[in-house]
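These features come from TrEMBL:
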REPEAT    273-305  repeat 'ANK'
REPEAT    306-338  repeat 'ANK'
REPEAT    365-397  repeat 'ANK'
REPEAT    398-430  repeat 'ANK'
REPEAT    536-568  repeat 'ANK'
REPEAT    569-601  repeat 'ANK'
REPEAT    602-634  repeat 'ANK'
REPEAT    635-667  repeat 'ANK'
Amino acid sequence: MLHAWHGKYEKECIPAWDYYPVLEAVKSSGRLLYPSASLDQLHSEKRNVVVKQGLSWGGYAVRRLRPEVPDFLERRVAPKMPQEATGKPPLGFRIARIRVFPGRALLSNDRDLPKMPRAAGSWRRSVLELGPDEFDALTSSGGSAVRALKERVRWATGIGIFRQSLVRHGCVLEENDKLDFPMDLQLVVTPCLTKMSTQDFREMHRAVCVGDVHRLEAVLQKGHDPDAQDTEHRTALRKAAFGTAALHSRIAKAGCALLLIEARAGLDIKDSVGSTPLHIALNEKNLQVAGLLIEARAGLDIKDSDGSTPVQSALKEKNLELAGLLISAGAGISGAQREAFEPGNLEVANFMLQAGIDVNEPGDDGRTPLHWVCRCGHLMVLQVLLEARASMNVTDSRNATPLFLAADSGKVDTVQMLIQGEADLNQATASGTNALQIALGNRRLDIARLLLEAKAGWSSSPDSHQAPGLLIASEQLDWYMVRLLLDARASLDAVDALGRTALHHAFLNPQDVESMDMARLLIERTADVNKTLDAEGCAPLHWMSQAGRSDEVPFLVKAKADPNQKNSKGETSLHLASRSGHREVVRQLLENGAETNLADARGRTPLLRAAELGHPEAVSLLLAYRADVGWADADSFTPLLEAAGRGNFECTRLLIQAGADVNRASLLTGATPLQIAQKHDKHAVARLLTDAGASGAASAGYLGK
């Protein structure tokens, strides 16, 4: 017969671990006390019973006792209550009275026990009995009968063996003592509330580390707190969870873990990095300890320092047996989408579907299983999810769809399968980028081609940070892609990091025929030929003029390219053609309205630049179109001064013939063309100037101005 003393009450503990002991526990009444039994029903049987859901005990029969009796330390962990038990209980031998005394414990759960009237009748009811066969098995097992009896009490009540002291006739039974019946025993329970010395603390932790159950039991029997922590907040249970390679060591540590659990060690105490014993056991693949912790109802949804729950850790290791054990014990699976589906393991995916995961429920990062599968390109798992009716158009926290992630990751087959499944091709992310744009931005023209053939559109969002797909396709001279993009209304004016459009890139290689043909195609599709968004502020006509592409200039002018448009230096196309000496381009520009006297940022006209650099043919054309022969730049240098100083004989001759003043001096230096020519030893030019009437002195009309 088992009695427990608890403050003002005596409670008869009803063990409910399996069918047989439940029958024995209720021999006096012949029926099972369900956790859901009503108090009225129990009162009618003259039992003061408090039903407490979730404990291994079906209930307590309580009776008021002396208030000075100390409180009983209850057990935390318990298995499930059997649903029903019928039939007449078997006859058995009574193991006298086993009374449970709390020693010096003061921990109380009085708030869980309501004040109840005293019940009539004797409190001496037998709640722990052994039949003849059980008693014989207990005494003939070959080991210690006393230890076997303690194990039987632990099994029935949840009180750890190391906390039990069996007393007979005032003497504590040793483990080698024999058992006879009938017996009248007392059970004294040692509480875990004494202060632990440094030596005992080290002894407890060393015992756990080496898996020495007997040493650990000896320490705990002193009443020490099993949750004592080291400097890194590691408990003994946490160290028991840490795995070793040898199987026998793991089993020994599991024995220590079981002992600590029976000692009511904290199951969910985190160490300095935020890991509980269950996290450690799973990470170390210590399945023995992990199973004990799960059975003991450790916290199943607590996250470690990496933000992973035990289920997520088990799925990372593809340990479906352990994951199933966790889930069946009540662990949540809603946050395990990534761990379950990102690796692409078909067995894990089917396991999660059978476990009832919602395929459209987002995880903590906002992504569903389909997001992870498409991002990694797992086709078989993708097919399974689609058959499970996973939504193809669900978006994550960035508003990205599975199709977008597949395109971004370059998963061609996945993109094709989603297109066949009629996924939304045009859904854009929060930044305005859709699947087509991200594919082109990553230069995955194969994926972009699939999307364009499926009639994917181009985002027109002003917030779009889209890569210039048309630029990429034109740069790679992919005519088919360019036409598909143009048909999809891709922006002709999208720019790269240097501010260049597709048209600019087509003109970057003016000697290449295909590049020029690509430029013509873009211009025919109304590309802006006057867009000046490169680093130098140049439009295509600037480049063609500087390169001397007389075959392309008329086409650009016909496409309404502005010949008088200036770049960042204030230069027009005529400036660039003139300084490079491209006579035919100069002629084409002049014939199409180029201004001859527009000055650049330094006040230099095309004529001055041509004379300076010695291009007489360009000088002749510019003079024919009435270029101002007397124009002076910001330093008051005229075309004649520039030509004379550099010894450009033919340019000097043309300028003199056009009426240039041979005695006009620079306001900056006061030197005339003749003086400059003589200074630089340009003797032929000096004779030419002298023959034209130049004197050694500066012209009086220009000095000092």
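Count begins at 1; order follows the chain as displayed.
Backbone N, Cα and C define each Cβ position, glycine as well.
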Spatial neighbours of the repeat 'ANK' (602-634) far in sequence, C-beta under 8 Å, 6+ residues away: 570, 572, 574-575, 577-583, 586-587, 590, 596, 640, 642-643, 646, 648, 650-651, 654-655, 658-661, 664, 667
DSSP-wise, what's the residue breakdown of the repeat 'ANK' (602-634) into helix, strand and coil? 17 helix, 0 strand, 16 coil
Go through the chain and flag residues at least 6 beyond the ends of the repeat 'ANK' (306-338) whose CB is under 8 A from any CB in it; none is fine as an answer. 278-279, 282-283, 285, 287, 290-291, 294-295, 297, 300, 345, 347-348, 351-352, 355-358, 361-365, 367-369, 371-372
Same-chain residues near the repeat 'ANK' (536-568), Cβ under 8 Å, at least 6 residues beyond its ends: 503-504, 507-508, 510-511, 516, 519-520, 523, 529-530, 574, 576-577, 580, 582, 584-585, 588-589, 592-595, 598, 600
